[in-house]
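Student: Here's the feature list from Swiss-Prot:
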| type | residues | note |
| --- | --- | --- |
| SIGNAL | 1-22 | signal peptide |
| BINDING | 38, 192 | Zn(2+) binding site |
| DISULFID | 71-183 | disulfide bond |
| DISULFID | 200-208 | disulfide bond |
């Protein structure tokens with residue numbers, strides 16, 4: 001009986017610590033989701049503003065090229081649809097999100113379109129990406145249980161953005177900016193989706209459907 005009474009304070013302290021860790025984890029998830037939502041909105045606005053500077057025929061042509069082309073970050077293996085996203089573990093979604101954010105650290109500094117607002121946005125984006133990367137890394141550490149086992153493909157090196165965009169052709173400057181902004185918007189949407197699903201799973205909500 002005495003041993004039971006001795007164990008009770010230990011169990012209570014353990015329970016409080018566990019609850020505190022869960023609350024801190026949710027707080028970090030809330031911050032991360034809010035940050036990536038803001039980045040996604042900024043990406044959408046920058047893309048729309050840039051499209052507004054193009055002639056209708058030019059816009060249609062670039063859109064056709066982009067649909068047939070690919071983003072540099074497509075080298076990162078990620079879920080191909082909603083069903084696969086929901087089947088993925090929280091840890092896998094966090095690692096993919098981390099890689100996607102990391103892949104934009106350099107190209108975010110090259111969004112120097114001839115528009116002062118966009119240049120200011122590109123500086124803000126670089127800072128926000130860095131903060132989000134740190135936050136996701138903390139979430140990975142907080143969610144990790146034992147040794148993570150992922151395919152080697154999940155950690156393959158990305159080709160450098162500079163080399164990729166050097167091969168865009170004669171009108172590469174306009175096309176390069178279009179593809180950078182379109183790919184950035186697409187990737188921020190991906191990260192927003194993955195972090196939202198991961199946050200929902202960690203909150204133990206009954207329904208985490210997209």
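Every residue gets a Cβ built from N, Cα and C, even glycine.
Tell me about the surroundings of these features in the structure.
Tutor: Within 10 Å of the C-beta of residue 38 (Zn(2+) binding site) we count 16 further C-beta atoms, all protein chains included. Residue 38 (Zn(2+) binding site) carries a helical DSSP state (H, G or I).
Shown in sequence order, 71, 72, 73 are the residues of the chain, 6+ apart in sequence, with a C-beta less than 8 angstroms from the C-beta of residue 183 (disulfide bond).
Taking all protein chains in view, 16 other C-beta atoms sit within 10 angstroms of the C-beta of residue 208 (disulfide bond). Secondary structure at residue 208 (disulfide bond), taken from DSSP and collapsed to helix, strand or coil, is coil.
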Student: Can you see whether DSSP assigns residue 71 (disulfide bond) to helix, strand or coil?
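Tutor: The residue in question, residue 71 (disulfide bond), is coil (DSSP, three-state).
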Student: Note down the number of other Cβ atoms within 10 Å of the Cβ of residue 200 (disulfide bond), including every protein chain shown.
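Tutor: Taking every protein chain into account, the count is 19.
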Student: For residue 192 (Zn(2+) binding site), list the number of other Cβ atoms lying within 10 Å of its Cβ atom.
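Tutor: Other Cβ atoms found within 10 Å: 20.
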Student: Between the Cα atoms of residue 208 (disulfide bond) and residue 192 (Zn(2+) binding site), what distance do you get, rounded to the nearest Å?
Tutor: 14
Student: How many whole Å apart are the CA atoms of residue 200 (disulfide bond) and residue 192 (Zn(2+) binding site)?
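Tutor: Pair distance, Cα basis, whole Å: 12 Å.
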